[in-house]
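A.B. asks: The following block contains the structure, expressed as structure tokens.
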Amino acid sequence: MLEDKNQERTSLAELGEFGLINHLTKHFKLYSSQTAKGVGDDAAVIEASEKQTLVTTDLLVEGVHFDLSYMPLKHLGYKAVMVNLSDVYAMNGVAKQITVSIAVSNRFPLEALEELYAGIQLACDTYKVDLIGGDTTSSTKGMLISVTALGKANKEEVVYRNGAKPTDLIVVSGDLGGAYLGLQVLEREKQVFKVNPQSQPDLDRYTYIIERQLKPEARKDIPELLKELEVKPTSMIDISDGLSSEIMHICTQSKVGCKIYEEKIPLDPQVISTCEEFEIDSTMVALSGGEDYELLFTVSINDFDKIKGNPNLTVIGHITEENEGINLVTRANQELALKAQGWNSFNE
Ligand SMILES: [Mg+2]
């Protein structure tokens, strides 16, 4: 978990930019027949198709979005790809290609970039997406990574945030709050390590939530499952900033209200036990903790029979008229107006 100071160090200057890109990308495979040309020319070439193209970009900045004192570079590479694929799946699409651009200071040797790209490659191989380009450059301080993902979907299959209708059911995949709690555990261990560098953390009790933070998986399987079940969501979004802010995006853009039931929010037992240990409320963690990369969507009530009982999906509430507001119904049966307490990159 903590940095090994005795690694081999090859200076990036020894390779030059083209040598570096070639070195880092030479083992990547291409999966899509639509990728006519990947890395290696002035631009990548993608075959045209009948489908619509989805495009999404994320920029991750060291010290703002990630902390390398507990985030291994291989995991960082993997996660940087996941956050983008998650947005393609949230449109009900299939991710096909990515580009990756990085800026690094001279603090990073070649071996560090090899680790980063090993994570990117693992993500590409697991999710069958092609790395087709990008750029590497130097930065005066720290590391920046920008990933762009390209995806495909038939025009009639694309799901937007603005299609939710009153009486629609609100559904979430997986469980919530784990990634945020994993971060709390890692932050705590970092503080312990600062005081006592000899201490080796015992993280056995937190394996699930730490994995949720360090190695999230985008829900490629959910659009596939919905297709199988013959369900087309009326709206969909991925949960990157917490349930509260994501349901607000859906409600605002769809001009509807909602009721979410506290008792229905899916939580892993490790989330519940860690919340008890940290003395924080598990509902708050699900509502406001970020980075779970689950999918939140609405379906017509007529589709309830098709999704009910599916272990990947939980119905957590329903859509109402706009004037009823965006509400959480607590276990005590109280109605509270939800606020967007989700993580906001300009807040701090
Ligand atoms: Mg998103």
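A Cβ is built for glycine as well, from the same backbone N, Cα and C atoms used for every other residue.
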A.B. asks: Which of Asp204, Asp221, Asp238, Asp241 shares the Mg(2+) 3 site with Asp42, Asp87 per TrEMBL?
C.D. replies: Asp238
A.B. asks: Where ligand 1 binds, which of the binding-site residues Asp42, Thr57, His65, Asp87, Asp241 are close by, with Cβ under 6 Å?
C.D. replies: Asp87
A.B. asks: Over the span of the domain 'PurM-like N-terminal' (40-152), how high is the average pLDDT in this prediction?
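C.D. replies: Overall, the domain 'PurM-like N-terminal' (40-152) comes to a mean pLDDT of 96.
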A.B. asks: Tell me which residues of the chain lie with their Cβ under 8 angstroms from that of Asp238 (Mg(2+) 3 binding site), as long as they are six or more apart in sequence?
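C.D. replies: Sequence-distant Cβ neighbours: Ser86, Asp87, Tyr89, Ala90, Ala218, Arg219, Glu246, Tyr293, Glu294, Leu295, Leu296.
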A.B. asks: Based on Cβ atoms within 10 Å, give me the single least packed residue among the binding-site residues Asp58, Asp241.
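C.D. replies: Checked Asp58, Asp241; of these binding-site residues, fewest Cβ neighbours within 10 Å: Asp58.
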A.B. asks: To which of the binding-site residues Asp42, Asp87, Asp135, Glu291 does the lowest count of other Cβ atoms within 10 Å belong?
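C.D. replies: Minimum Cβ neighbour count within 10 Å, taken over the binding-site residues Asp42, Asp87, Asp135, Glu291, occurs at Asp42.
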A.B. asks: Within 10 Å of Ser240 (ATP binding site) by C-alpha distance: pick out those among the binding-site residues Thr56, Asp58, His65, Asp135, Glu291, and say none if nothing qualifies.
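C.D. replies: So the list reads Glu291.
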A.B. asks: Distance check, please: Cα of Asp58 (Mg(2+) 1 binding site) against Cα of His65 (substrate binding site), rounded to an integer number of angstrom.
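C.D. replies: Roughly 11 Å, rounded to the nearest whole number.
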